[in-house]
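Features of the protein shown, as given by TrEMBL:
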| type | residues | note |
| --- | --- | --- |
| BINDING | ALA11, GLU32, LEU40, VAL76, TRP362, GLY369, VAL370, ILE371 | FAD binding site |
| BINDING | HIS147, GLY148, ASN149, VAL150, ARG191, ARG192, GLU203, GLY369 | NADP(+) binding site |
| DOMAIN | 2-158 | domain 'FAD/NAD(P)-binding' |
Amino acid sequence: PRVCVVGSGPAGFYTAQHILKHHGGALVDIYEKLPVPFGLVRFGVAPDHPEVKNVINTFTQTARSERCAYYGNVTVGRDVTVPELQRAYHAVVLSYGAEDNRVLGIPGENLPGVYSARAFVGWYNGLPENRDLKPDLSCETALILGHGNVALDIARILLSPLQLLRKTDITDSSLAALACSKVKRVWLVGRRGPLQVAFTIKELREMINLPGTRAVLDPADFTGLESAVKDAPRPRKRLTELMIKTALEKAVERQAAGAGAAAPREWGLKFQRSPQEVLPSADGTRTRGVRMALTRLEGSGDSAKAIPTGDVEELECGLVLSSIGYRSLPLDPAVPFDSQRGVIPNSSGRVQGVPGLYCSGWVKRGPTGVIITTMNDSFDTAQSVLEDLQGGVLDISPSREGFGLVESILRSRGVRPVSFSDWEKIDAAEVARGKAAGKPREKIVDPAEMLRVIGH
C-alpha cells in the first residue's frame with residue numbers, strides 16, 4: 001500500500017512512523033509546502049526550549065527509512081490537488097495543522113502595534129512568511145491577550161536577558177530587534193479567572209524564575225481559591241498553589257523593598273477582562289491601549305463562562321499580542337471542512353464521506369495540546385488507516401504509482417520538490433552558521449536562499 005501524508009510537523013511524522021512500524025510493506029511519502037520539515041517543532045517551540053525539539057531526532061529516523069520519502073517545496077491544493085493525490089495513493093492523510101490565527105473581532109485590531117501571537121512566534125523562530133514582521137518594540141508596556149503557554153513563551157522572550165537568548169537558535173534579526181527593545185513590562189490578560197488559565201506549571205515556574213524580572217500578581221485575585229481547588233485534579237491544584245504562593249511572596253517582597261526599588265522588568269497576570277477595543281493614539285497611527293470589559297464568571301472549572309459586568313477599564317500599552325489560538329484553513333475544495341470549528345469533519349481520523357482520505361493533528365481535532373497529545377492523536381489516525389487496510393476497506397489490488405504520478409504532475413507545473421537529503425544540506429549550512437555565532441544554528445529564513453544552498 002502507498003500512503004501519502006500532507007504536512008511534516010509532529011502530526012505528519014507520527015502518523016508516518018506508526019504506519020511504517022506496524023505495516024511491514026507500506027510505503028509512505030510526506031509532502032510539505034516549505035523546503036524544510038518539522039512544522040511547529042521548528043517554527044513554534046520557543047528557542048530557549050531546545051529539549052522539546054529532540055523529537056526531531058525521531059522524525060529524522062523515520063524520514064531516513066527506505067520505505068519513507070520526503071518531498072518539500074510542494075504546496076498541496078496548489079501544486080498538486082487532493083484528488084490527484086488520491087489517484088496516486090491508496091490512502092491520503094491530511095496533517096497540515098493550523099496555519100492561521102483566530103481574530104479578536106474588535107475595533108482597532110488592525111492598528112499598527114497589534115500582532116497575532118502566531119505571527120510574532122513565527123518572526124522570532126524564522127518562519128519564512130513572518131520574516132519581515134518588524135514588530136515595533138519601542139514602547140515600555142506590552143499586553144498579551146491570552147493565558148496559554150504561547151502567551152507565556154512570548155512574555156518570556158520579550159523579557160529574557162539577551163545573554164540567555166544569544167545561546168539559542170532565535171533568528172539573528174529578531175535578536176537584534178530585542179536588543180533594542182524598550183519593553184520592560186508585560187501584562188498577560190485573560191477573560192476568565194486563575195482556575196481557568198491554560199498554561200502549565202513548568203512554563204509558569206520558568207517565568208517566575210526569569211532573571212532580572214519580577215512577577216506582579218495581585219493577592220486579591222486569589223482569595224478563597226485554596227479551598228476551591230482542594231478537590232481539583234493535581235496539575236490544576238499545583239498550578240493554582242504556585243500562583244497563590246507567588247502572589248503572596250512577591251507582595252511581601254515589594255513592600256520590603258519599598259516603592260523606590262522597581263525591578264528592571266516585570267510581568268503580571270490580569271484576570272476577568274475581555275478586550276472590547278484597541279485604542280488608537282491621538283494621531284490614529286498606532287495603538288495606545290486596550291479597553292477591557294470586566295467580566296464575572298458563570299459556572300465553574302473549565303466550563304466557566306465569562307460574562308461582561310458592564311464595567312470597563314483601559315490598559316495602556318504600545319504593543320498588543322493576541323494569543324487566543326491558531327486556526328486551520330480548508331486546503332482543497334474536494335475536502336469537506338467545518339469552518340465553524342476549523343476542522344475536517346472526521347471519525348477517528350476517517351474523513352466523513354470520502355473513503356481513503358484521513359486527517360490527524362490540529363486539522364483533525366482543533367489547535368490544542370502539546371506534542372505528546374498530537375502523537376497520540378496521530379497514532380489513532382494511523383490505526384484507522386491500518387484497520388482499513390487489514391479489513392479490506394481500502395482496496396489495494398489496483399497498484400498506484402505514488403510519487404511517480406505526482407512527479408509528472410509537478411514537472412508539468414514547473415515545481416521541483418526538495419528531498420530529505422537536500423534538507424540535510426540546509427540543516428548542515430544552518431548549523432555551520434550557528435557555530436560561527438556560538439549558537440546551535442542560524443536559521444535560513446528565506447526559502448529562495450534555502451533553495452540556493454542546495455543548488456536548486
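Every residue number used here counts from 1 along the chain in the order it is shown.
Each Cβ is built from the backbone N, Cα and C atoms, and glycine gets one as well.
Keep in mind that TrEMBL annotations are predicted by a computer and have not been checked by a curator.
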Cα proximity to HIS147 (NADP(+) binding site), best match among binding-site residues GLU32, LEU40, GLY369, ILE371: GLY369
Those binding-site residues listed as ALA11, ILE371, and which of them has the most Cβ atoms within 10 Å of its own Cβ: ALA11
Alpha-carbon distance [VAL76 (FAD binding site); ARG192 (NADP(+) binding site)] in Å: 39
Nearest of the binding-site residues (GLY148, VAL150, GLU203) to LEU40 (FAD binding site) - Cα to Cα: VAL150
Rounded mean pLDDT for the residues that make up the domain 'FAD/NAD(P)-binding' (2-158): 97
Taking residues ALA11, GLU32, LEU40, VAL76, TRP362, GLY369, VAL370, ILE371, which bind FAD in the record, the widest Cα spacing (Å, whole number): 25
Extent of the NADP(+) binding site in Å [max Cα distance among HIS147, GLY148, ASN149, VAL150, ARG191, ARG192, GLU203, GLY369]: 20
Cα proximity to GLU203 (NADP(+) binding site), best match among binding-site residues VAL76, TRP362, VAL370, ILE371: VAL370
Alpha-carbon spacing, GLY369 (FAD binding site) to GLY148 (NADP(+) binding site), which is rounded to whole Å: 10
Nearest of the binding-site residues (ALA11, GLU32, TRP362, ILE371) to VAL150 (NADP(+) binding site) - Cα to Cα: ILE371
Of GLU32, GLU203 (the binding-site residues), the residue whose Cβ has the fewest other Cβ atoms within 10 Å: GLU203
Those residues of the chain, 6+ apart, with a Cβ under 8 Å from that of TRP362 (FAD binding site): ALA11, GLY97, ALA98, TYR326, SER328, THR368, THR374
Pairwise Cα distance for VAL76 (FAD binding site)/GLY148 (NADP(+) binding site) [Å, integer]: 31
Cβ packing number for HIS147 (NADP(+) binding site), 10 Å threshold: 23
